[in-house]
Structures are given as structure tokens and as C-alpha cells.
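Encoded as C-alpha cells, the structure appears first; notes follow it.
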């Protein structure tokens, strides 16, 4: 029996950073030295083969105008070769930046870039820009060395160099970025981020190219939300780990619900824009009810519809003798409901211009539909809508605790059913929000390997002089050995949106496809899950043994590797 | 790479129960066949050696009167012997019941009893009473067979037979229990529960003995709260697993706090009566601030004192450049603050008898101290205190979200400091409550083995005809092989409390001892943790490899096995 959870052994540490591996937990320590497998193509000599000319996801004319230097770039595939074709005499200077919210595996992308340079371009230098894109603009960086990186291998979080949400978008900001690129004499820059950050990475690549700055820019797909993906980029990193952490908690709550027999647990899950996390957690755990935002939007469901659906299942379960259950709700649910959007828009208008009188005369300004919805909302939510506003005076939709709101609405409707004699049990809701717990967990073996390969590939792409590509690792349903490595033209993922009268390039968020395999599998099973108890408890993520290599359902279903 | 998280293999299932092992997750499946080590003394022939006559924890005269048949019983120690001394010709009929809240490992206690009977008293029968003590009174039971138990081995939850919070305490209820004992011809009954349930187990043992019913009763120490323990019973089962689940989440939130750099996370942890869980999680993760209820009570701190302490650390950290942190709060904090107790008592009185007028004239009924405290509370909490009442009209203290309350109070105080120019940063709080997630997780290897040994020992004690003892497994800082097994007289743990003019026996809850090793270790380190960032991320519970056998700090420190 180990004497302690804390390893006090003689572990290398990086005193320059916040991390000291000597006070790591045993599991953290054991992960540092977990050896990362590389795809065969990355372990052996390779050459880079260009694919056909690319286009864009939409409005190719506009994209071509926005990216005159980069539009149409082919993808670049790494393929095995007798000998290495890239010069190993070069010494590269590469920068790396973490952009946006945390996702498990970010440190391994950096390790992958570093190890590529160590393995293949000896004498190169890797700079880490601190605190996100602002670090590029302010030229705030640290040189990443073996000792510096060591304690972060396979560890969660972004704290090696920290992240930030600033954007490089004004001419002045591009100027600052250029100055940094020149000052550090950068050959390349790796931007690790989501859809917005990768769009910006491409704008930066275009900007450097058009200003004859030799710094190349490569993106990497990061977001626990899972909404940055396409054919070439099968998943974003962090999604696998975050979903498994949430699913562990959901599984535990399910067993508790069944053991206790008297609570309905309403679990809100992180993910404002898309419901991938909620869908994946449902596939892993088989809850009684799962609300998918994209379906709510497609079917134009109202809040009353959603409430009625839950009430209906609760009543049917009561007849079967089950007075408990588990319900998953995506964080962004409210954003998917058109009538709620309308109400909020009207409230923003009224709160900005009208006096909100105590007698409620102000409500006359609401449209009929919005008034009806407002009156349907629980009082606490009404107050939240009226009181909590952001600095611009707008209602703070993000602050609405949807799970608590639904509990109250279901309670109210069930009370009516009780009066009617249709429902005879006592309904008790318990609310949960799982969010921050999942963003910085220790990456699963999948995310650890995937990120390492993404970083290693990014290194290879920069080494070969590519720019404006996103690191793309594929064939993910096979063993790591067989994974493919390539770069995909960022412009090929883009469309335009019109904002303030101007076309802006965007990588469209990948939403849950109602015709996609993951949703269809869920839809085919949800009625059974609603009334029977098919709960699955995934348990804690394992790093060793046969259960440590499982991949999330969403990815396998999308790849056709699971029925 | 495994094709799926769900094992669809040919796994035995127990169709009689809610569990179907064929739809278990891979981790659940892998746990079923995890082989449980038994202490050497339980694996080999043993004899039972009685210790000296016992007394009680206090008021032995009253305990002797309450338990005329059982008081003074010696403890019973299992010691190795050349041959087994207990008859294997008997066939025993044993009942088992789960009482109170869920705790990881309960299913393994039952497996331990079952396997004892299978191994040593072949042909015996084990009945599981369903839904807690009510199952005994109503004679609702199921016969537990190999197939029935199989899918629950090493699994979390109490759903094999479910639990309940009923008590057997009135003469009528004791009568019902007697009828069940006679009807099923029970040789013994194992009561798996916390302090209250074990007190009741002893009362039942006394009742059976005084009515010449041969059914013996043995208790087992269960509660994630960790507040049922004494010299002979070093820990209650479930505490180890629950704390590790919470600590995993806290560790993740810590890495997130450090990576993001802008949030103070206020984490409320389950445990109404004692703060053991909060203390253990602090020892595992090293948060910046930890509030221990017992210390707040001992030092008679006010809510303002607690707030000021947090504000002080936030300001000092701001000076060091840290605008983030993690703060642990025990669920029962409010119960430890005398002034809050006084306010609630006054509110209960006022709400029962007075009209609460909108102008707040009713507040004149409050004492000065309570009025001051009430005005100090955030408005949302004031409203919660006024509006949310239980069926008896009392304020529902349990519903107060202490973590949100503290965030608001800290916010208000920091705003004042800002006006004074003492604090210059922006404070943002994030609230969390970790509770239900920890009660039904897959038991750690420690809890799995500990519970199995507790159940196996309970079987041995019943086999040898003992009653009124609590199953006691000791020497827990050594490998399982060397653990000891015995039974401790339940009366020796008891004291009396006067309720409604009568003496009632109670097993006193074990609170956090301010002079105990766990608190002293915490106290010696907290100042460093407050200002430096010594975060440890324990990561997910591992079931394989060197990190899978760690034991919680509280236990090791109390046993003197950790410095």
C-alpha cells in the first residue's frame, strides 16, 4: 500500500514555472513518463505530397478576395518515404500560442512540436507566447526547453504558457504581430485554438505572406465543445477527455438516482453553441431524457414543449413505479429556442429605454407571445432576466441556470397534473452543472496521443514551409500506429458572414447533425432509455489496462467505426 | 483501440435485478472480476478470542440500564488458529440491510457476507431486506444468490437491495422486526449504516436478546462523511472513494483556475455534520482557503470573520499577482456558526407567529445581533431565509447555497476595499457543489477491499454467535494481508443524550479534532497554500497500477502512518 497520495520522490521539476513535479499527485507523476506513441508515418522518414487545389466551404469568391495569397492552397499529406526529404541542417525558430478556453491536451500539442524540433531539426528554438494572442502582440514569451516542458507532459490545463481571448484583428494589432515575428526572427507560429482562433491564424498567415514576412502559421483544432471538425479534422482535442469526465459524474449520479429512488437529477453540461458534449454524454450513459439544442431549434420547439416532454416522461415513469431519473441539458439550450431569443431581444430594448414600473405596466410593451412566455417563466428566472445585466445593459443569458429553471417549470406543470389526478407522486429535482471540472483534467490516452500527433505534424508542416494549414490527424478509429498526418488549407474550411456591412471569414461551427450517425443512434434508443433504466456508469478515466484506450462514441460513429 | 465504451460481450447478468452486466461500461465490467484480497486471518483457520469487559463512551450507568443484556460485552478478535473452531455443519439464515445514505462499497459488504457463508457455512441463506429498515418491518426481502450478487461486485450504489431512512424504534416497529426474524427463522442480521443505524442495530440486538429471539445483530460502519469512527473502527467505508472523487474534480478546477487566471472557485462539499471530507480534500489538493466547521465553532467565528478571512487572502494574493484561487467549504458550515443558529431560531419563531410586512417592521422582533447579521446577508439569501420553509414552517438551512452566499459577501467587502483603494482587481466567483457525484462511484481498491473484509468479518461474528458488535477491520495502513478482524461492542461506542426528558443512547459523531493529526497537518500548511500555489491534482481514481492502492491522508495520519 502506498504511503501517500503525494509523491515526494526525486522528480525533475521546472522551477521556472508554476508547476513543481515533486509535489504532483501519484497519478500526475505517473502520467509525466507515460510514453506517447507516434503514428508510423511520423516515426519514420516521410515526404510531403500536395493534394488538389482547394476551395472553401462557401462563397469561394469572397474567400478568394479575403485571402489572395492563400486561397486555393492544396492540402499537404505526409507519406512514408525511403529517406527524409526535409533538410535537417536548418535551425528553426518557432512560436506557439494557446488561444481561448482550456481543453485537455494543449500541453501535449506543445510537447509534440518541441519533440519534432528535437528529433528532426536539432538546434531549433521554440518560444511560448504567454497569455494567448496578447503575448504575440506584446512580445511576451518564454523559451521552451526540455526542463521547462517536462512537468507538463500529459498534464491537463494550459498553465505552461497560459491562454487568452484577445484577437489579432485591427491593422495596429497585425502590425504588432509582425514586429514580434521580425524581432524573434520567427520561421513559424502554431496557433492552438477553436474556430475563431483558427480563422485568425489564417488571417495572420495571409497578412505575413502579403507583407513578405517569412513566418508561417499553422493551426491546431482545440475545443472541448467538439464543434470544430470537418472531414479532414475528425475531432477537436479535449472533447474526448471532457466528455469522459462529465460522463463519470453523470454515471455516478445515475447510480445514486436508482439507489435513492426519489430524485430527478437535471444535469446542465458545458457547451454554449453546439450540443455535442450533451449528445456524447448521453451515448456514454443512457439517461432518461436528453435535450439536444439543434433538435429543439430544427423543430422550433418552445420552452413549454420541452417542459411538456419532460413532464410526460416523468408521468409515464411514475406509472412504471420509477420516481427518479436523470436528464441532460446543454448549456446553450436557451439560445436554441426562438421564442426565448425574441423575449430577450424585447427585454433588452425595454430595459434600455423604458421605466420598469412595479405594477408591471411595462409588460404591455412585450408582444403577446413574449408576454405569455415571460408569465410562464418561474419568478426567480423573471427576476434574473430583469436584474442581471452585462455592462451593455443586456440580459445575461449565460447566467440563467437552465437546469433550475426547468426543474421549477416541471414542478409547476406536475402540480397541475396532480390536481387533475393524473400524477400522484412527489417530484423532487436536483440540479447540477458540469463545466469547469472537465476543461483541465488529465488528458485521456486518446487526447494525449492525438494532441502529441497534432503538434508533431504541425512541426513537420512548418519544417516543410507550409502556411495557412490546420494540422490534421486522421484514421482515428485505428491504432495510433496507423493514424495519418496532414495539413488542410484553413481557407477550405471557411465561409463568410456579413457583419457591419462587411464580409468576415468564418469557420462555421460544426453543429450536431440531426442526420448524422451519433444523433440517429441516440434518437433510435431514447424512447427505451426514457422508460427503462439502461444507465451505464463509465467510471473514472483509466490510464492503464484494456479500458484505457476507448474512444468516444461520437467520433467512432462519425467515422463509421461503430454501429 | 477498443471499438466502444460499452462492452457487449458475453457477460453474466442478473435478470432479477435492475442491473444487466452486459450493458456495463468497460470499466464497470473490468471491476466485476477484480479479485478481492482477504486479510490473512480471514483466509485461514481462525478462532475467536474475547477481550476484556467493555464500558461505554460516557454515562455507563445509563447505557447499562438501556442495554441490560448487552452492556459490558467484550470485543471479539479473530486470531489465526491451527484449525477452524466454528462448526461448518450449521446452516445459517442471515439477513442484511442497507440503512441511510449511499456510500461506495456497500455492495462489497454484502458480497463479503455472502462469500463467508459460501466459504465457511455451506448451504446457508442470505436474505437482502429491500429499501432499508422498512424492508425488515414489512418483511420485504429477496434471497441473494450467486447470480443475483454477481453484477454488483465492486460496483457503486446501493441498488442491489436499496436503502432507506426509516427507523425501528417504536414498540410496534420492534414487534414487526421480531415477526420478520421469526418468520424467516433468522440466525443473524447485518445492519450496514452510520451512527444512528448502528445505535438502532444495537437496540435491536438488545430487543431480540431480551425477547429470547435467537437472531443476532452485527453492525457495519458506513458513511462517506467519515464521522463514524473510533479506535477500533478506524474509518467508515465510502469516505475514501467519495473524497477521491471530489478531489479529482477540485484538482481539475484548480488547474483551470491557474490556467484561466481570473476566477475564485468556491467549492461546497457534502458533509453536514462534520468537516472530514473538506479536510481530506484539502490535504489531497492544497487549496488556497479551506474552512473547517469545527474550527469555526471552536473559535466562535462569525460569518463576518469567515468573510474577512477570505477577503484578506484574496487581497494578499492580488498583491502577489494572483487573481484566482480555490476555496473549500463544508456543506454544514452554517450549522457551525452560533450567530446563524440564533438568527434562524428567531426567524422560525417570527415566521410562525408574526405577519411579515413589506416595510420590514417585523425585523424589530429580531435581537440586535441577529438584525445585524440579517442585514449583512446578501439579498438573495435573505429572501431564501424568508421564503423557503419546510413542512413544519422552519427555515430550510440545508437549501442555503453557502458557496454562493460567501461569494456575494466577499464581493461586497471587496467592493468596499476597492473604494478604499486597497484592492484593485476584479473579483469573479464561480460556485460548485460536489455531493451526489461522490456517493455512488465505483469503490476505490481500498474501499472495495475494506468493505469485503467488513462483510466477511460480520459473517464470522454471526457464525460464532456474537451479537451487538460492530464489524471492525484494523491495521489499515498495512497491506490487506495484514489487516486485523474483530467485533467491537456497540455499547462501548455509546453515550446518552437527553431528549424529551428521556435518555437516548447515541453513538457520538466523530468530529474533526483540532488536536488531531489531519487538522494539525492542514493547519501547519494552510498559510503557505493560501499565498503560494501548491495545487495538487489527484486525477481520476485508478484501479490498476501503482497509483491504485493509495489510501486517504486522514486515515494514514490518524494511524500515524504518515507524517
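Keep in mind that glycine also has a Cβ here, set from the backbone N, Cα and C atoms.
Copied over from TrEMBL:
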- A:225: active site, proton acceptor (ACT_SITE)
- A:101: diphosphate binding site (BINDING)
- A:195: Mg(2+) binding site (BINDING)
- A:223, A:224, A:225, A:262, A:263, A:270, A:271, A:272, A:331, A:436, A:437, A:438, A:439: substrate binding site (BINDING)
- A:93-458: domain 'Phosphofructokinase' (DOMAIN)
- A:196: site 'Important for catalytic activity and substrate specificity' (SITE)
- A:222: site 'Important for catalytic activity' (SITE)
Filtered recorded positions - A:195, A:196, A:225, A:271, A:331, A:437 - keeping only those with Cβ under 8 Å from chain B: A:437
Position of peak Cβ density within 10 Å, selected from the recorded positions A:222, A:439: A:222
Nonlocal residues around residue A:331 (substrate binding site), in sequence order (Cβ under 8 Å, 6 or more apart): A:268, A:269, A:270, A:271, A:272, A:402, A:433, A:435
Average model confidence [pLDDT] within the domain 'Phosphofructokinase' (A:93-458): 94
Neighbouring C-beta atoms (10 Å sphere around the C-beta of the residue listed as 'active site, proton acceptor'): 27
Number of other Cβ atoms within 10 Å of the Cβ of residue A:437 (substrate binding site) across all protein chains: 25
Least buried by Cβ count (within 10 Å) of the binding-site residues A:101, A:271: A:101
Secondary structure of residue A:271 (substrate binding site) (DSSP, helix/strand/coil): coil
Secondary structure at residue A:263 (substrate binding site), reduced by DSSP to three states: coil
Spatial neighbours, same chain, of residue A:263 (substrate binding site) - Cβ under 8 Å, 6+ residues apart: A:256, A:257, A:324, A:428, A:429, A:430
Residue A:437 (substrate binding site) to the residue listed as 'Mg(2+) binding site' - Cα separation in whole Å: 22
Number of Cβ atoms other than its own within 10 Å, given for residue A:196 (site 'Important for catalytic activity and substrate specificity'): 17
The residue listed as 'active site, proton acceptor' and residue A:439 (substrate binding site), distance between Cα atoms, whole Å: 10
Residue with minimal Cβ packing [other Cβ atoms within 10 Å] among the binding-site residues A:195, A:223: A:195
Cα separation, the residue listed as 'Mg(2+) binding site' to residue A:222 (site 'Important for catalytic activity') (Å, whole number): 8
When distances run from the Cα of the residue listed as 'diphosphate binding site' to each of the recorded positions A:195, A:196, A:223, the nearest one: A:223
